[in-house]
Amino acid sequence: MLRRLNSPTAILVRTASTRTEKLEEIRDRLSKGPNFQDFIQNSDNSKDDFENYDGKLRREKGETQQLRLPPWLKTTIPMGKNYAKIKSQLRDLKLSTVCEEARCPNIGECWGGGEHGTQTATIMLMGDTCTRGCRFCSVKTARAPPPLDVNEPVNTAKAISSWGLDYIVLTSVDRDDLPDGGSKHIAETVREIKARNSNIFVECLVPDFRGNLECVQTIAGCGLDVYAHNIETVEKLTPFVRDRRAHYRQTLKVLNEAKQFNPNLITKSSLMLGLGETDAEVEQTMLDLREAGVECLTLGQYMQPTKRHLKVIEYVTPEKFKHWEQRGNELGFLYTASGPLVRSSYKAGEFFITSILANRRKSV
């Protein structure tokens, strides 16, 4: 249901109709675009690697030796003109990216343009230092990070407009030291981006704001198109994987509130595999997300960033990831991206851009 507004009923009806049309347009682009498998390079080779690999994929209880990295998780070294260009622009504007801070294995493909030649980067707002210390994440932590850069919303919008993208992902560190968790800062950034290009799709991968629903509403009502918040792991493992201030049920509450406050948003979450979860627990997490109104889901392999972080319990096979993709579709997710190297913002821009181009060709 729409929230009650101080406006005539006729305006409410027109607003609801406009938002519904916008949502349907986004869904149409998603459904008519390529599926996730279209973006995987050398998929045939990956299948051969899986079928011929005889290495150990799971650590048994009590074992301390690290698992050997299977061939389907090996990626190329970041390089190329596009990669260098984006890195230079980000440094000049003093912007951070989760691609670098979280040591994403896809940085070379996304920044370099990959097979399809499209540059994709995920901007990380509010600095590079988080107030939380999740045991899977390599982003720096501190109780009192540096103050927010008041110029960041404008600088971010300038950078994005110069790249000419159709889709951009904004994420952020947690800022529990701020009264509003930085929600107003994120919302201002979205508005600056939309002011320069009203046609761009903006996805925000945001914190839980410690369950503060006013902060959730600030983001949900700022003009973004996709509200993302990651559940990360199954309920049983949450206390051991995420920071103590992050809670499984709180994540579901945040995602549900965003959807209830603005029903025309697409909501999205992400799940890491390989931390010791069972198939039944993964299934239940997917069901919980659907019940909370989540429409998009990504599943990827957890990879230990440093020796200080949680060890990998299991390297999940591409075949199993394919199973979860199919299960997500059966459960009614708008789309499910599931693969060993999938991350919450992996190839998001390229997905939408390719989809848009495909639709334009059909209409010619």
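Using N, Cα and C of the backbone, Cβ positions are placed for all residues, glycine too.
Checked against Swiss-Prot, the range among 34-53, 114-133, 314-333 recorded as region 'Disordered' is 34-53. In this structure, Cys130 ([4Fe-4S] cluster 2 binding site) is part of a beta strand by DSSP. Of the chain residues outside the [4Fe-4S] cluster 2 site list Cys130, Cys134, Cys137, Arg132, Gly133, Phe136, Ser138, Val139, Thr141, Val173, Asp174, Asp243 have their Cβ within 8 Å of the site's Cβ mean position. Non-local neighbourhood of Cys130 ([4Fe-4S] cluster 2 binding site): Cys137, Val139, Lys140, Thr141, Ala142, Pro145, Val173, Asp174, Arg175, each in the same chain, at least six residues away, with C-beta under 8 Å from its C-beta.
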